[in-house]
Amino acid sequence: MSTVTETIPRTSRRVLAPSVLSYVALFLISFIIVVPLLWMLLTSFKTDFDAINSPASPWPNPFTIEAYVTLASGDLPILRWFANSVIAATAQTVIILVTASAAAYALARLEFRGKRIVFGAIVATLLVPGVIFLIPNYLIVDSFGWLDTLWAIIVPGSAGAFGVFFLRQFFISLPAEIEEAARVDGAGDFRIFWQIILPLSRPALATLAVLSFLTNWNDFIWPIYVLLSPENLTLQPGLSVLQGTYSTHFGIVMAGAVIASVPVLILFTLAQKQIVESVASSGVKG
Amino acid sequence: MANPSLLAPLRGGSGSRGAAVRRTGGNRTPHGRRTLTAYLFLAPFLAIFLIFVLFPAVYGLWISLHVWNPLLDDHPFVGLQNFFDLFTPGSLTFDDFWESMRATGIFVAASVPLLLAVPLGIAVLLNRRIKGGTVFRGIFFAPYVLGVAVVSVLWRYLLDPQLGVVNAVLGLLGLPSDTPWTVDVPWAWISLVGITVWWTLGLNTVILLAGLKGISPDLYEAASLDGAGAWRKFTNVTLPGLRPVMTFVVTVTLLSSANMFGQSFLITQGGPGTETRTAIMYIANQGLVQNQMGAATAMSYVLFAILAVVSVFNFRLQRDNTK
């Protein structure tokens, strides 16, 4: 992993010193990013009448949780969608952590026949656009009887090459000595994997867990086609249904968007540093 | 769509050849056992990978050689006819497919330069000794962790031509308040591109920022001694220093823009008419709604081939620039 150093040698300070204009620009961009999100939150506390009649005024008048009550008690099972999203994203994250870490261990720290072919096949798929898999996987999932079930949301997406690649890079960076000492003590591959490699890799595993959860939570094109009945949806296709059903009931639509955003924004706040830095290093390491 | 799993590892993959040579010298039995152990570790992943990644990639080609309606038992084999149709003016799919490719092309041409320039500008600002730099970085990245559905329903409301916030606020400021943001071109394109920049600028910003931090301050100082001004330093030190990272960012941005789907699906429904219906939107609709799976998979391979050519061209271009 490349480290992002914050320190800049004294000599270049003058060159890189920020001007007032830099701060003005950064605050302006922050404003453009934050205001729409705040507007979403505030609109979700408006009445329909208020949202339609005073769109230019951000403050709810009156302030009401009517939209959330309507959502919770209405015909659309948004709580069920929420639960489905939590179940699917959690299950897929667990599957990815287990399968990708084991595969990455073999690829990073064992020598075996066919390694280059296996690794090559996994890496090659990283560049294939998802649309290639859309229709064949629809038929495959259908043949398993998984259409309109959470299995379709959990299993196919857990085969992504990203997790294996990400963990392999990390495992390779661990020094060989830690493993050799354990081998001298008679530890086998499984014990080394379980008792040495995995505990040392907690930060990488946590980062992969967060990224996997976010990816599954936010996926849109796949669930809108493989989930069919209203009660089986996850939140993202649910929002599409919500928009169709309550088109100009903006308070309700925004409340749905808030409900779908809160878990990922909490995760992001807690793991901001890990998420941003793992993404940042993706372009730098090679 | 931009998606974390697209990230990381376009490059890399340096093998560990040295270790392999060391091992093969030994007798065969331990080597064979090690191979077995390795495949036991790989088995769970490979099982899912074979079923949902490798097999469908080949199965899709097979489907594309048929007229494949999933509701019928019979899928007549038609050879390459689905592909020929895509290149024969007047065929059933020709006009619609290339119109959708044109829409994707417009979106790529408009969004990619902005998704490079805006994040580069922000990254240069953040690379100065900014107080609260990580806070700004976090704010800029935040929309990216929201799904395309959240971002799209939010902006569909804000940009609603009659009832939306943007037109209402513009009206208060004495500006035109009847811009058809989501229902007419070119406004629909401006909206789709603007929303995408708002949503994903943080992604490229943090990658480029990491690239900027990797450029040695000595180079800037040497440029200063040579009397270079801010702009000369930017063109002669910053841009060349960023080139490897830039290649990665350009590739990832190109691919995610070419895969645009959710924004059009939710904000413009492909409209007005089918003007903003992207290739992915058309392919998904043909295959999974109209049940023309053979034609749709053929289109997905044509799109893939074009993207592959563009990516290779881009790599070449960036490499030649480096020399």
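Cβ coordinates come from backbone N, Cα and C, glycine included.
The feature compositional bias 'Low complexity' is assigned by TrEMBL to B:1-26.
Among the features that TrEMBL reports, region 'Disordered' is placed at B:1-29.
Same-chain residues lying 6 or more positions outside the transmembrane segment (B:38-62) and placing a CB less than 8 Å from one of its CB atoms are 297, 300-301. Residues or ranges marked as transmembrane segment in TrEMBL: B:38-62 (among others).
Annotation source TrEMBL lists domain 'ABC transmembrane type-1' at B:101-314.
What TrEMBL records for B:106-126 (among others) is transmembrane segment.
Summarising the annotation, TrEMBL assigns transmembrane segment to B:138-158 (among others). When Cβ-Cβ distances below 8 Å are used as the criterion, the transmembrane segment (B:138-158) is approached by residues 1-2, 122, 164-166, 182, 191, 195, 198-203, 205-206, 261-263, 265-267 of the same chain, each at least six residues removed from its ends.
The transmembrane segment annotation in TrEMBL covers B:187-210 (among others). Note on the transmembrane segment (B:187-210): residues 2, 106-107, 110-111, 114-116, 118-120, 122-123, 126-127, 137, 140-144, 146, 148, 151-152, 155, 159, 179-181, 242, 245-246, 248-249, 253, 256-257, 260, 263-264, 267-268, 271-272, 275-276 of its chain, located 6 or more positions outside it, place their CB under 8 angstroms from a CB of the stretch.
Listed by sequence, the residues of this chain that lie at least six past the ends of the transmembrane segment (B:242-262) yet keep a Cβ under 8 A from its Cβ atoms are 1-3, 6-7, 10-11, 104, 107-108, 111-112, 115-116, 119-120, 148-149, 152, 192, 196, 200, 204, 207-208, 210-212, 214-215, 278-281, 284, 303, 307, 310-311, 314-315, 318-319, 321-322. The feature transmembrane segment is assigned by TrEMBL to B:242-262 (among others).
Here TrEMBL flags B:298-317 (among others) as transmembrane segment. For the transmembrane segment (B:298-317), the residues of the chain that approach it from at least six positions outside its boundaries are 60-61, 64, 82-83, 85-86, 93, 97, 101, 104, 247, 250-251, 254-255, 258, 279-280, 282-283, 286-287, judged by C-beta separation under 8 angstroms.
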